[in-house]
Amino acid sequence: MFDIPSLDIPSLSSAGGRVRLPGSKSISNRVLLLAALSDGPTLVEDLLDSDDTRVMLAALRQLGCAIEEAGPASVRVQGLGGRLPVREAALFLGNAGTAMRPLTAALALMAASQGARFELSGVPRMHERPIGDLVDALRQLGCPVQCLQTEGYPPLRLGDGAPHPLHLNEPIRVRGDVSSQFLTALLLALPLVAQEHDVVIEVVTELISKPYIEITLNLLQRFGVRVRREGWQRFTIARGSRYASPGRIAVEADASSASYFIALGAIAPATPGTDGIVIEGVGLDSIQGDIRFVEAARLMGAEVVDEGNALRVRRDTWPLKAIDLDCNHIPDAAMTLAVMALYANGTTTLRNIASWRVKETDRIAAMAIEGRKLGATIEEGADYLRVTPPTAWKKANIHTYDDHRVAMCFSLAAFNPARLPVRIEDPKCVGKTFPDYFETLFSVCHTPAERIPVVCIDGPTASGKGTLAAELASRLGYHLLDSGALYRLVGLAAEREGLSTTEADLREPAHAERLGRLAAGLDVRFTPGKTWLEGEDVTEALRTESAGMAASRVSAVPQVRTALVDLQLQMRRLPGLVADGRDMGTVIFPGAPLKIYLTASAGQRAQRRHKQLISKGIPAILADLLADLEARDARDMNRAHAPLKPAEDAVLLDNSELDIEQSVQFVLKRWHGQQAFPVR
Ligand SMILES: Nc1ncnc2c1ncn2[C@@H]1O[C@H](COP(=O)(O)OP(=O)(O)O)[C@@H](O)[C@H]1O
Ligand SMILES: Nc1ccn([C@@H]2O[C@H](COP(=O)(O)OP(=O)(O)O)[C@@H](O)[C@H]2O)c(=O)n1
């Protein structure tokens, strides 16, 4: 996940390959609650790991439900059988509507029937999301429900610690036109109390988002409860209903998340050698309503083929066709159409989307404001959005309103024909449903190397390059190339093979060739914070001074340097790279948009290295370090091949008097100044 203030996505040119998507949010949270309410244990597989599911898991545990990890995306839930072991709790539910609504209904009913008291709260935005209709329905039933701040909104107090009789004889009336989650909440909760009578729910207004109700009914059936449905107006839960665990249940991949990759396949030309985008884990027979996004994408010109629990998407009609569509049946995925509309041949109108206004943010307003920043003409109505593509695209900072879908939608603007990068603010908001969204996107997107930014940090030993480069990479969300590690690896591999690395031997042409071959065939792997040589963790061995000295000697051998060029070039991957070394700016990435030449006085550098080694428990003598360091400087600067020197366009930074944070800020300021994104 990109836990950084903003992520710059370079202009993208093509896409192709396979993606596996996280489990559906709607299914995940419903299944967790049903498993917790059931008799017996349930193994839940392919569960989505996201903010919303974490909130639900935490709440269920707090309510006394035992839940244990059972694999990478699996949990085993010990069902409570509808009985409450914890009678009083304050639950914080973040911004998770899929936890707030069903827990409100289930806990209100259980609190009233078993005599308990709960408080449910969330982030400030959650306290602005209406829940009044559900509260009214629960009060009709005889549940004590108190709105603690504003009538009709969370935070809520459910129950008062005493049992209350429930009025289950009369049909329960609920509105269907604000959020279908109210009806879902009642459908999930009422089987707990439908013991002596059939319980009837009547929907008094037109029901929106019907497909989500179908998911609910489908899952209720998996947990042993049948609901009789008359049209979309009347739902009857049979007397004596009881939740029973299905034993094991697998969550489908999220169809709303799939919409971004369907749109990607429709917008991006297929990368040569690929046949479009394949989305695994969801097919056209999905129980999720958002699968009908496929129909809309086809209308706009996408080619989508069902490959049995997978979808293959290719770009077909181009530019895409503008459409005029009632989107009531795909409320979440329809946002993705607004971004596809930026690539259409005319004006697209998305209708019947009033529910967007009460989601994580006012999504109609958000899509209009952010789309306009890109140069599109957008008309916003109470329940519609009309999008005309930009005639001249603009470089934009996309504000994301703590809304995962806004972030994911606008990432697709990186295919703009003007080849402008797109800045996504607060990219970690995708954590709500798809924590690895950007990583997944980058894994199937391609762009010419020169469009992927590289920040080069070159300079002499112990100037702080490694420290600065690692910090920059983490703050920009970029990959990190520690090129010195490659020379250290060659030195270490040579030592292990019994190959001499003395300067005299290295001057022998045949010996130099052997070392070049060794470098070309290095069996090396990098994992976060670790380096592996032939399957062995050599992270510590590489950082010793003797490895550094050997690296310094082998790095003067032209055959070794040539052998390592491709490996270094391959590290230039989306969304960007910070490269640390001696010749990053001069030889390996001469076209890099920012090159820093980092120096500090020899005395300062020797002291830093001394401190660094001592702190790691490695004995070191300052005078020896100074002598070694000067010898390495001399060798690096005077070798014939790729000597250490500042690139002509490098920015010189002497950090003798700066601390680490000051050096980082210096480079970030320079970098952001160069990007010229509009200031918000
Ligand atoms: N600006 C700085 N001020 C003080 N110490 C620094 C600074 N930059 C780095 N250091 C420290 O100096 C030591 C050497 O830094 P390192 O990044 O390993 O250098 P290099 O990669 O250039 O050899 C580390 O212990 C690091 O914490
Ligand atoms: N791009 C690079 C990186 C390192 N090197 C060499 O490899 C040695 C080890 O690199 P390093 O960056 O790990 O070393 P330190 O600067 O951390 O001491 C350096 O002394 C350089 O001689 C190089 O020649 N070219």
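Backbone N, Cα and C atoms are what each Cβ position is placed from, and that goes for glycine too.
When TrEMBL records K25, R129, Q181, R363, R405, K432 as binding phosphoenolpyruvate, the matching candidate from G64, G97, G464, G466 it lists for that site is G97. DSSP gives T461 (ATP binding site) a coil state; it is part of no helix or strand. With a cut-off of 6 Å between Cβ and the nearest atom of ligand 2, the recorded positions K25, R30, D332, R363, T461 reduce to T461. The least crowded of the binding-site residues G97, G459, judged by other CB atoms within 10 A of its own CB, is G97.
Residues L468, L598, A600, R605 surround the recorded ATP site, their Cβ atoms falling within 8 Å of the Cβ centroid of G459, P460, T461, A462, S463, G464, K465, G466, T467, which are themselves excluded.
In the three-state DSSP assignment, the secondary structure recorded for D332 (active site, proton acceptor) is coil. Of Q181, R405, G459, all annotated as binding-site residues, the residue with the shortest Cα distance to R30 (3-phosphoshikimate binding site) is Q181.
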